[in-house]
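Summarising the annotation, TrEMBL assigns domain 'Membrane transport protein MMPL' to 192-325. If you look up TrEMBL, you'll see 13-34, 255-274, 294-321, 342-360, 372-391, 420-440, 648-667, 674-692, 698-719, 726-747, 753-774 marked as transmembrane segment.
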Amino acid sequence: MSASGRPGERSRWLARLWGLMLLGCVIASTLMLLHGARFDNRVTALLPEDRQRPLVEQASAQLGDQFEDRFALLLQLPGGDTDRLEQTTRSLARQLEQSGMVTALHWQPDDFRQGDPLETLGAQRYRLLTPELRQQLDQGDSAALLRHALSGLVIPAGLDRDPVRDPFGLLDAWLAAQLPSRIHTDHGLITVATEDGRAAMITGQLTGSPYAPELQQQLIAAMQGFEQAHPDATLLRSGLVFHAAAGARQAKHEISTFGVGALIGLVVMLLLVFRSPLTLLTLLLPLVTGTVLALTLTLVFFGGIHLLTLAFGTSLMGVAIDYALHLQCARVSLRERFRLRPLLPGLLLSLLSSALAYGVQAFTPMPGLRQMAFFATCGLIGAWLTVVLWLPQVPVGRSPFTERIIASLWQLLGRLRGRLSWRLALLLAVVALTICAGLTRTNDSLRLLDTSSPAMLDQERRIQQLFGRDTGTLYLLITAADRQQWLEQVEALTPTLETLVDNDHLGGFDSLASAVPSHARQQQNLERVRRLYRTTLPKLYDRAGLPEQLEQRAMQPLAAPPRLEIDDWLGSPLGEGDRRLWLGNVDPKDTRAATGPSPVAGMVVLSGRFDATARARMQQLAADHEGVSFVDRVGRLSAVLGELRQQIAVWVAMALVALVGILTLRYRGRTWRVVTPAAGAILLVLSAYALTGVPLNLFHQLALLLVLGIGLDAGIFSAEHPDDRHVWLAITLSTASSLLTFGLLAFSATPVLHYIGLTALIGLSAVWLLTALVQPAGRHRPSRKPS
């Protein structure tokens, strides 16, 4: 900057160099994103590598992916008229098909036929017995089996009640056990027994992504048209597409209200002050350039970037608008008298304090926090360089109206300053710390992030319970040396699971071993069937009047029937629903047990009711059995969020202590005035939450980082320039713009946005007020001229 206040040749040269660096960043980041650098959305990727479990991630993804593009509906009518239910279901199916958004729709018995069971299981049927049949045979209760077989021969019903191939209906019994007990066929429909009668079931698969806006709109429109035509029908929904559509509607509504409202308010406020669209653009330019630098360097050093880093790192960089506001407010106020040099100490201290508060988290053991800290710090540096090197090169608008605003704000400051002494501030801080220590609660549950309505979540739970299938948020992950050991391990765990179900601690479970017994169990079943044939078959043929020579023909298939293997079952249409439960061969490094060179893995999914007794038993099973892990997907991700929150709190507290020491070297006895706006605002927010019983979560704390950065900037600049009126204008604009950007989110119905917004609303308001209250009294003089 030259003596006249205009940019000198050196400043212009540095500005060009900075522009070339940013251009290189744009090119480099684009190339990296095109050639392998990726955005990561896994919450567990924020954990240290030694605690990430790839096998758990694979299992959770497989359990969730199968349901992503599918949906289920239950249709119920009053009165129980099955003919009308069939007609109404057909009408709904027709409207869904005409929407063009459904690639496969199942609502009639023929739609659910999955190949020929005789082809898949005809020869293996003698090795497959339901638990009830095994118990009957072990107890020697052949009389009941004989009566059932006689009735089947007299009135044949079922898949294959041939008197030679399957006189006792073994295959029919086994197939029936694989279906949920509440699902039946009725008048050409698939129906489910509910508390209010029977409901028709419709399942479908989408033609595209459930997040596609056009697909959501077409599907929802088809269903709304049906409901308008049938107002007495009750339609329950289950599927990611419905939750995504509800979230999209809510997001669209809030963008059109809070987003547009904040943008309009911000533009109007800044234009009223600066009266120049060009000046307004210069205030936003540092945020853009800071993001470009931060994104490029993060991709270089981390090989990719997490979406949480991008979202919250960019939000934390909102502090950088302070640098631009202080510079431009000084230029507007001082005009030809403006010099950059007097502002540099404050700008530099502001950068260092925010960079230390955010950057200290780079020393945590959490990769996610390290990446966020790196991104935010690089972004602040990039924004700062843009403010110092570029903004002085751009002409700034001037208006007499701006001077009137500055004068009014300066008078308001005069009425507020000097009202908070260090003794009163210390007393209030002790009270706030006492309240926080005694009453603060936390809640890191991932369910806090759910944007679906309670009614929609209730429908989801009801349908999953009725179908006997769960999306897999709770499961046992089991690894073993080979397939047979894996099946035997699951069979060893099954009695415990059945006991929990019988005692109403667990709603149910879905196990591949229920469909494919181990070789040992299949052999035991075969021995039971051979014993049944030897002892009961002669009596059956005698009472049915069948010739004795049929006995030998019936016994022949029992000599050496083939075994049912996991791969055969999963490869058949009958096993399609169980494919999600099987991971197959996995990398030995990903297993925690000594499972040999080619281990296998699969899941047992727990569904429905799951109380504290069931949880404790699952944890005990995992502790007692090698190769068994209990996975609570929601609980696991909640623990990640909780650990992130704790790490942020600890490291930011350490950074604040270090900052107080650094600031004391410059400000001596005035240090308390510098740190009170930030520290006091944080204590006010925390004590308010503690007194009102609001539990803290990660998103409250991320918003507190924004409050910390803006509070430190306000304290530093007010201490550096206590008699400059333009500083108070910049502080006011900074808090007002951040309140418009973040504070309005307090009224959002989206939980995450509400947490951030409410914290910003309380904290930033406190920053502005405390900055004024801690200023010394008797210093209300006209703005001094810069040296």
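First residue shown is number 1, and so on along the chain.
Every residue gets a Cβ built from N, Cα and C, even glycine.
As the structure is a computational prediction, the values presented were derived from the model and not from experiment.
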- Message: Please tell me whether the transmembrane segment (753-774) and the transmembrane segment (342-360) touch - that is, whether there are at least 3 C-beta pairs under 8 Å between them, with each pair 6 or more apart in sequence.
- Response: no
- Composition by DSSP (helix, strand, coil) of residues within the domain 'Membrane transport protein MMPL' (192-325): 97 helix, 22 strand, 15 coil
- Item | Contact between the transmembrane segment (674-692) and the transmembrane segment (372-391) (3 or more Cβ pairs under 8 Å, separation 6+) | no
- Query: What residues in the same chain, six or more past the boundaries of the transmembrane segment (698-719), come closer than 8 Å to it by Cβ-Cβ distance?
  - Reply: 312, 315-316, 318-319, 322, 326, 346, 349-350, 353-354, 357-358, 444, 641-642, 644-645, 648-649, 652, 656, 659, 663, 667, 670, 673-682, 685, 689, 727-728, 730-731, 734-735, 738, 742, 752, 755-757, 759-760, 763-764, 766-768, 770-771, 775
- Task: Go through 13-34, 255-274, 294-321, 420-440, 648-667 and flag the stretch with the largest number of C-beta pairs under 8 Å relative to the transmembrane segment (342-360).
- Result: 648-667
- Query: Residues of the same chain, at least six outside the transmembrane segment (648-667), with any C-beta under 8 angstroms of its C-beta?
  - Reply: 349, 352-353, 356-357, 360-361, 363-364, 369, 673-675, 679, 698, 701-702, 704-705, 708, 712, 716, 719
- Could you give the residue numbers and ranges of same-chain residues that sit at least 6 residues beyond the transmembrane segment (726-747) on either side and whose C-beta is under 8 angstroms from one of its C-beta atoms? 258, 261-262, 265-266, 269-270, 273, 315, 318, 321-322, 325-326, 329-330, 332-334, 405-406, 409-410, 413, 703, 706, 710, 713-714, 717-718, 720, 753-754, 756-758, 760-761, 764-765, 767-768, 771, 783
- Item | Distant-in-sequence neighbours of the transmembrane segment (420-440), which means Cβ under 8 A and at least six residues beyond its ends | 672, 676, 679-680, 683-684, 686-687, 689-691, 693, 696, 770, 773-774
- Averaging the pLDDT values of the domain 'Membrane transport protein MMPL' (192-325) gives 85
